[in-house]
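The structure appears right after this line, and notes come after that.
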Amino acid sequence: MSFKGTTVIAIKKNGKTVVAADGQVTFGHTVLKSNAIKIRKLLNGKILAGFAGSTSDAITLFEKFEEKIKAKGDGLIDIKRAAVDLAKDWRSDKILHKLEAMMLVADSNNILLISGTGDVVEPEEDVISIGSGGNYAYSAALAYMENKKLSAFEVALRSLKIAARVCIYTNSNIVLEEIENE
């Protein structure tokens with residue numbers, strides 16, 4: 001799956017987790033909006049989520065993801081279990097299967113990529129990125145992560161700025177959300 005029109009990155013560093021995205025929305029070769037918000041706080045700010053792809057599909061998936069977490073009913077938040085459950089439904093459900101988006105979700109301990117092909121990926125490094133500029137942002141973030149002085153916020157911001165310079169579907173109107181790690 002390849003989605004043009006965005007870059008989303010998740011980073012965990014020095015006790016903080018950040019999810020950030022650019023604001024560009026494109027339709028074909030036209031920029032429709034430059035300040036869209038593609039990240040959300042879920043469960044009263046305990047989980048961060050970002051998406052690449054169709055906005056309405058992503059909102060549906062955010063809602064389904066929250067339902068999966070709440071379905072446990074024990075008050076514990078297990079984003080890994082919820083991600084696997086969502087990926088299974090997304091792949092097998094006739095309606096969900098048609099949704100075109102990818103998601104990054106993060107809590108204070110985990111960063112995950114969830115796709116409609118049934119993939120749930122926990123990155124080897126504390127960095128993962130999706131969207132048309134994802135590879136550029138990911139590469140930049142890996143390099144910036146080596147700088148001990150940079151925070152997760154700064155790594156995400158700088159990495160997305162690099163992606164915006166290289167990817168025509170990514171801009172530098174960046175929105176970042178951050179949570180403290182436990």
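Glycine residues also receive a Cβ, built from the backbone N, Cα and C atoms like all the rest.
Sequence-distant neighbours of T6 (active site) (same chain, 6+ apart, CB under 8 A from its CB) are A21, D22, Q24, V25, K38, F51, A52, G53, G131, S132, G133, Y169, T170. For T6, the entry in Swiss-Prot reads active site, with the evidence type sequence analysis.
Other C-beta atoms found within 10 angstroms of the C-beta of A164 (Na(+) binding site) number 22, with every protein chain shown included. Annotated Na(+) binding site per Swiss-Prot: A164, C167, T170, in sequence order.
Note on T170 (Na(+) binding site): other Cβ atoms within 10 Å of its Cβ, all shown chains, come to 30.
Taking the Cβ of C167 (Na(+) binding site) as centre and 10 Å as the limit, one finds 23 other Cβ atoms among all the protein chains shown.
Same-chain neighbours of the Na(+) site beyond A164, C167, T170, judged by a C-beta within 8 angstroms of the site's C-beta center, are, in sequence order, T7, D22, Q24, S132, G133, Y136, A137, L160, A163, R165, V166, I168, Y169, N171, S172. In the three-state DSSP classification, T6 (active site) falls within coil.
DSSP classifies A164 (Na(+) binding site) as helix under the three-state reduction.
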